[in-house]
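A.B. asks: Please find one structure pasted underneath; my questions will follow.
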Amino acid sequence: MSEGSGDQSQQRPWASPRQQPIKGIVQPRVLPPFGKPTRHTNKLDYIMTTVLKEAGKHKHVWPFQKPVDAVALCIPLYHERVARPMDLKTIENRLKSTYYTCAQECIDDIETVFQNCYTFNGKEDDVTIMAQNVHEVIKKSLEQAPREEHDMDVYWGKNKKKPAKSDGGSKSSSSKKNDARGPSEAPSEAGSEVSSVTTASAAAPTVSESASVAAKPERKVAGKKTGKRKAESEDDEKPEPLRAKREVAVVKKEVHQPLLPSMKPCLKLLNDFSTKKYQEFAWPFNEPVDAEQLGLHDYHKIIKEPMDLKSMKAKMESGAYKEPSDFEHDVRLMLRNCFLYNPVGDPVHSFGLRFQEVFDRRWAELGDSSSRASSVAPQSAPIAPTPKVAKSSAPKEPKESRKEHKKETTFEASGAKSEDLMQINNALSMIREREEKLKAELAAAQAIKDKLTSVKNRREDNPNEPFPEKLINETRALCTTQVGQNASSSSASSAALRNGRSKKAASARLYGYEFDSDDEDNKMALTYEEKRNLSNLINNLPNNQLNTIISIIQRRERSALMQQQLDDSEVELDFESLGDMCLREMGAFIKTIPTLNGNGDDEKPKTSSNPTSSGATGSKGSSSLESKNGKKKKNFNMSESSDDETSNSRKRRKRESSESQSSSSSDDDSDDEDRPSIPRKSGQPPSTSREWNQSSAPPPRMGGMGGQPPMSRVPASSSTSVSAIGKNNAAASSNSYQAPKPAPVPAPTSSRPPAAPRPPSKPKKTGGASILDTLLPDTFGASPPQFFQSQPTTSATIRSPTESQPGNGEDEQTRIQRMRMEAKRARQKEDEGSVSLSNQMEMMAAFEFDNTY
């Protein structure tokens with residue numbers, strides 16, 4: 001580029017110097033500098049009138065019509081790599097100001113435009129391809145340029161067509177003046193005029209002059225008559241072309257007459273997409289797709305019904321669109337064709353997305369514009385007929401004015417109803433889209449029905465055929481999706497007219513549970529512990545119950561689950577993204593599920609050996625304490641782990657170590673085996689090493705209020721159930737810590753027999769658990785909260801949550817609110833005098849390390 005620019009500067013001494021960009025734009029000079037020779041030739045005129053105009057009609061010419069804005073396009077290195085920026089608009093302005101001396105200078109500037117594009121952009125860039133297309137058009141036009149170049153007068157600007165107009169005007173004015181002055185002037189003047197005319201045409205004798213002078217008065221009258229006749233004939237001939245023009249204008253009005261007032265906003269929207277404002281992304285849709293020119297041989301095989309903006313405009317002008325929904329259908333069809341043929345990531349696909357975004361926004365604004373137009377139209381309606389009636393003098397004219405008045409009133413009435421028509425058309429389009437979706441769903445259901453029928457027939461013949469679990473899951477997913485859509489659509493449509501409780505309750509009853517979305521309790525936000533317990537319960541659900549959970553999420557939160565996630569084998573749910581109503585409904589569904597069996601996941605109630613920790617006694621004691629004091633101390637267990645395997649292995653090692661010790665301390669050791677060590681309130685570890693005999697085990701993981709929750713929960717064993725609470729508030733479990741002092745443990749009367757083998761199932765606390773154990777199960781090792789799990793029974797029947805109402809006469813909502821407040825107060829009071837969990841864990845680990853090494 002540097003050598004080429006040096007050669008050009010040597011050959012063209014008047015070339016414009018390199019300029020610095022101003023706000024990212026370099027505008028080359030347009031006016032010729034002082035002393036530069038300029039001229040206008042026939043070849044330059046051909047470039048200005050033909051070449052540049054044909055290039056300006058190309059759809060890819062828009063990036064080259066103005067100087068490059070490096071700031072707006074975020075290309076700061078453009079002016080460093082491009083020495084002489086140039087554009088087609090600058091070339092056109094130079095031609096108009098006679099900047100060039102020959103056509104070759106103009107052609108060099110045109111070549112500079114495209115060479116700059118090829119230099120800065122890559123070979124496969126979209127702008128490079130567009131530049132090649134425009135360059136080919138200009139080359140073809142230059143092939144037809146005149147070969148010989150000669151000078152030519154400038155015929156534009158201030159001197160545009162002045163000489164031709166002045167000559168013709170003087171001649172016509174002089175002839176008219178002569179015609180007008182001829183009959184009114186004196187005979188001598190007329191004679192001189194006639195003689196001058198005759199001498200100009202041919203030589204005449206002097207006798208003819210006298211004869212002409214003698215006959216002048218008659219010629220005056222004749223001249224007057226002929227002049228009048230000529231004037232009348234001219235007046236008669238002049239209105240004829242005007243009438244013809246008026247007739248043509250009327251024909252054009254008749255062409256646009258079928259355009260309804262409701263279609264005027266659509267026409268305006270269509271014209272807006274043809275402007276430069278939207279051509280950045282709308283240019284691929286301006287004209288029909290030329291598959292042969294673009295090399296798209298499979299386009300018409302994939303796209304059965306092509307559509308473009310030009311075809312839509314032709315249909316709009318011909319009155320083919322009767323409703324705005326027809327216009328919207330064609331726009332949607334054009335965009336569907338774009339998305340169907342062009343894959344994701346293609347530039348045309350991205351242009352289609354931008355076009356769709358702008359169209360949706362503008363289409364939503366059409367209702368407001370039509371309402372404003374309808375509000376303005378009735379104001380001007382009564383004013384129009386008054387001047388027509390005043391001007392009417394003949395009896396025929398009032399009829400015409402009445403007809404026009406009727407037409408205006410009909411158009412105004414239709415304009416006033418345009419908003420209603422727009423809403424009706426939108427509703428019709430929604431119904432049509434719904435019909436298409438239902439047809440697709442019906443086809444899918446029919447296919448699944450055929451498969452199920454064939455499987456049923458085969459199983460009747462061969463009972464040993466494997467069960468089609470995948471087909472059953474597809475059927476459930478299809479049915480639950482349809483139920484969710486129907487429920488959401490029906491509730492949305494009837495929300496303004498009637499209560500939607502029956503619709504949602506009906507959808508919930510299909511799965512055997514009751515859920516009232518209008519209840520205030522179901523709208524309350526879930527706490528962190530409630531979400532964690534719900535997550536654990538969902539993880540333990542069988543596969544056949546997970547489909548109902550997915551259907552609830554689809555019905556409540558459509559954006560939470562995508563079809564892509566449903567196709568995968570595993571679906572991850574983020575509870576933070578789900579709504580409170582969705583989580584409450586999932587909790588209501590889980591409450592109706594009977595007790596799970598097998599794999600150690602079931603949680604069955606087990607009574608304690610201690611009679612004071614029975615369900616009735618515990619419930620009475622806790623209720624009496626709640627009624628007297630109104631608050632309860634928090635039971636905090638330091639030795640309870642959140643891992644089942646860690647807890648079982650630690651207890652097994654404790655039993656083995658206790659059995660290996662002396663018989664003199666066997667009683668105490670056996671008592672300590674089943675009762676984990678009790679840490680002190682200050683957070684210090686126990687004083688004896690026997691309480692931490694399981695030093696080889698890893699430190700227990702605590703499920704605390706300030707840290708992350710454990711992944712699983714270990715319920716308390718039957719021997720560590722909560723005992724009854726006395727008057728001094730000293731009731732405590734054998735493995736838990738209570739303030740202000742622990743409950744006394746009765747001394748054993750005899751040596752304890754060896755511990756019996758424990759069942760593999762995880763034990764569970766009875767109904768006598770404390771309030772904190774009920775509300776915060778994972779923190780203190782209790783069972784799940786009662787509002788997420790019904791009382792387990794041996795039967796597998798599905799029960800409604802109304803069956804487990806408290807029998808003490810207290811409202812369920814009041815009880816839950818009271819329990820929450822008590823738990824909050826107890827947690828605040830305990831946190832004030834306790835050490836953080838992290839410090840406790842560090843001290844426990846240090847103590848175990850010292851005892852071990």
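Even glycines carry a Cβ here, placed using N, Cα and C.
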A.B. asks: When Swiss-Prot marks a stretch as coiled coil, which of 59-98, 259-298, 419-458 is it?
C.D. replies: 419-458
A.B. asks: Between Lys53, Lys245, Lys252, which does Swiss-Prot record as SUMO cross-link?
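C.D. replies: When Swiss-Prot is consulted, SUMO cross-link appears for Lys252.
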A.B. asks: Tell me which range among 459-478, 539-558, 819-838 Swiss-Prot lists as region 'Disordered'.
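C.D. replies: From Swiss-Prot, the annotated region 'Disordered' range turns out to be 819-838.
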A.B. asks: When the domain 'Bromo 1' (39-145) is classified with DSSP, how many of its residues are helical, how many are strand and how many are coil?
C.D. replies: 67 helix, 1 strand, 39 coil
